[in-house]
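> Heads up, here are the entries from TrEMBL:
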- 106-152: domain 'F-box' (DOMAIN)
- 221-260: repeat 'WD' (REPEAT)
- 261-300: repeat 'WD' (REPEAT)
- 301-340: repeat 'WD' (REPEAT)
- 344-383: repeat 'WD' (REPEAT)
- 384-423: repeat 'WD' (REPEAT)
- 424-456: repeat 'WD' (REPEAT)
- 473-503: repeat 'WD' (REPEAT)
Amino acid sequence: MEPDSVIEDKTIELMNTSVMEDQNEDESPKKNTLWQISNGTSSVIVSRKRPSEGNYQKEKDLCIKYFDQWSESDQVEFVEHLISRMCHYQHGHINSYLKPMLQRDFITALQGLDHIAENILSYLDARSLCAAELVCKEWQRVISEGMLWKKLIERMVRTDPLWKGLSERRGWDQYLFKNRPTDGPPNSFYRSLYPKIIQDIETIESNWRCGRHNLQRIQCRSENSKGVYCLQYDDEKIISGLRDNSIKIWDKTSLECLKVLTGHTGSVLCLQYDERVIVTGSSDSTVRVWDVNTGEVLNTLIHHNEAVLHLRFSNGLMVTCSKDRSIAVWDMASATDITLRRVLVGHRAAVNVVDFDDKYIVSASGDRTIKVWSTSTCEFVRTLNGHKRGIACLQYRDRLVVSGSSDNTIRLWDIECGACLRVLEGHEELVRCIRFDNKRIVSGAYDGKIKVWDLQAALDPRAPASTLCLRTLVEHSGRVFRLQFDEFQIISSSHDDTILIWDFLNVPPSAQNETRSPSRTYTYISR
């Protein structure tokens with residue numbers, strides 16, 4: 001038997017000889033010829049098939065006979081060599097022939113292994129899942145029996161706070177995270193639910209942009225000094241600190257006052273609570289710890305020489321700051337076991353606000369500076385300079401610090417390098433409170449206005465200044481002292497002795513076509 005290489009050479013020689021014979025024959029429409037037909041701007045290449053000839057058939061059969069005798073690698077090498085000798089038009093034909101041969105229905109091929117097929121398709125987003133349902137009945141069956149629309153919604157609820165909050169407020173969370181398929185509705189229920197959720201989300205986003213909201217008002221009815229200096233809320237309650245020295249706890253649904261805590265001898269300027277305690281700071285220079293359920297005073301910390309202006313606590317650590325220019329760092333083992341770890345000194349005026357995480361403590365002062373300290377060692381790290389007047393508020397998260405000042409501006413900072421990333425201008429008086437999440441910055445000022453800013457645009461140096469302020473909300477008749485917000489609402493307090501709840505989810509139909517607050521406000525940037 002002849003070696004493979006000799007057979008291959010003979011095969012190619014045989015093919016070449018056949019081609020040369022064809023070229024030497026007279027051209028005829030019966031031969032294999034190409035005709036180009038022009039039609040306007042397009043051209044179509046038409047192949048006229050070569051008629052079957054006995055000589056060609058024998059040669060083809062001989063080539064196939066040789067081909068079948070070779071190893072797989074030799075066959076591949078031969079075909080590559082053959083393809084390289086063809087023209088572009090022939091390549092297109094071969095590509096069209098091979099394409100369906102290379103496609104594999106891997107889902108149908110996994111019959112009997114539905115759990116693997118379901119796991120593969122569970123990574124699809126909604127648009128891809130819709131497309132997958134149209135591939136064939138088998139794909140549609142795997143998606144339906146695997147409850148993949150339910151799993152997609154559950155994945156969104158686990159990873160996105162907007163979806164989680166919406167599931168709780170709209171009530172469809174009761175249909176999620178059931179272990180047995182018999183515990184809940186069929187896949188078709190979740191498939192129809194998904195677009196309704198998307199519509200809800202788009203409506204909420206539109207309400208934020210257009211300033212459409214349902215407004216609820218709590219009149220605090222302070223007997224002497226009027227004003228609500230601080231607040232915090234959850235789904236059940238709002239806890240507020242008042243200028244009249246009291247702490248009032250309100251039912252979030254009925255807006256009724258549930259409890260009044262008394263004990264401070266000065267205005268309650270700051271507070272924070274968790275599931276166990278409320279911690280408050282006052283102009284009487286003390287920090288008090290209260291039982292969140294009973295309202296009983298559990299501890300009183302006497303350290304600062306003047307008013308306690310702000311405080312934060314988390315994971316066994318508490319930081320307080322004062323008009324006395326100092327910052328106190330406390331170890332908080334329990335409500336009754338709180339010990340002073342370190343006093344941070346460096347500011348040249350009252351320290352108005354503090355925030356911290358595991359890496360940094362950040363403080364801002366009337367001395368126009370923001371100072372950064374190491375949380376673990378309490379050592380000074382750097383100063384952020386830029387504000388023209390004292391700083392009244394800030395929030396710090398990840399690398400971003402957002403601060404508000406009596407120079408009427410808001411600044412965004414990179415805490416690691418100390419650079420000012422953006423200056424937001426628009427408020428007409430001191431910016432008293434500020435909060436941000438992944439999408440928005442919300443600020444309140446002594447001009448009585450609350451402004452909603454586009455955070456992502458503010459972080460983009462190419463974004464025009466005129467696009468940054470999404471909305472200005474005007475309802476308070478006095479200075480805005482404090483606010484907190486989430487995906488669905490803003491809750492704010494003011495010198496006008498009210499707490500306002502701005503609800504962007506439950507907007508009545510009558511308000512969908514009207515906007516109570518002024519339209520987009522143009523802002524300016526200075527670097």
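Here the Cβ of each residue, glycine as well, is placed from N, Cα and C on the backbone.
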> Using DSSP, tally how many residues of the repeat 'WD' (221-260) sit in helix, strand and coil.
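Here the numbers are 0 helix, 21 strand, 19 coil.
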> For the repeat 'WD' (261-300), find every same-chain residue at least 6 residues outside the stretch whose CB is under 8 Å from a CB in it, and list them.
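Tertiary neighbours of the repeat 'WD' (261-300) are 225, 227, 229-232, 239-249, 306-313, 318, 320, 322, 335-336, 338.
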> Let's see if you can do this one: DSSP helix, strand and coil counts over the repeat 'WD' (424-456), in that order.
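Result for the repeat 'WD' (424-456), in helix, strand, coil order: 2 helix, 20 strand, 11 coil.
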> Looking only at the domain 'F-box' (106-152), how are its residues distributed among DSSP helix, strand and coil?
33 helix, 0 strand, 14 coil
> Excluding the flanking five residues on each side, which residues at least 6 beyond the ends of the repeat 'WD' (344-383) place their CB within less than 8 Å of a CB in that stretch?
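Hits for the repeat 'WD' (344-383): 306, 309-312, 314-315, 317, 319-329, 389-397, 401, 403, 405, 413, 415, 418.
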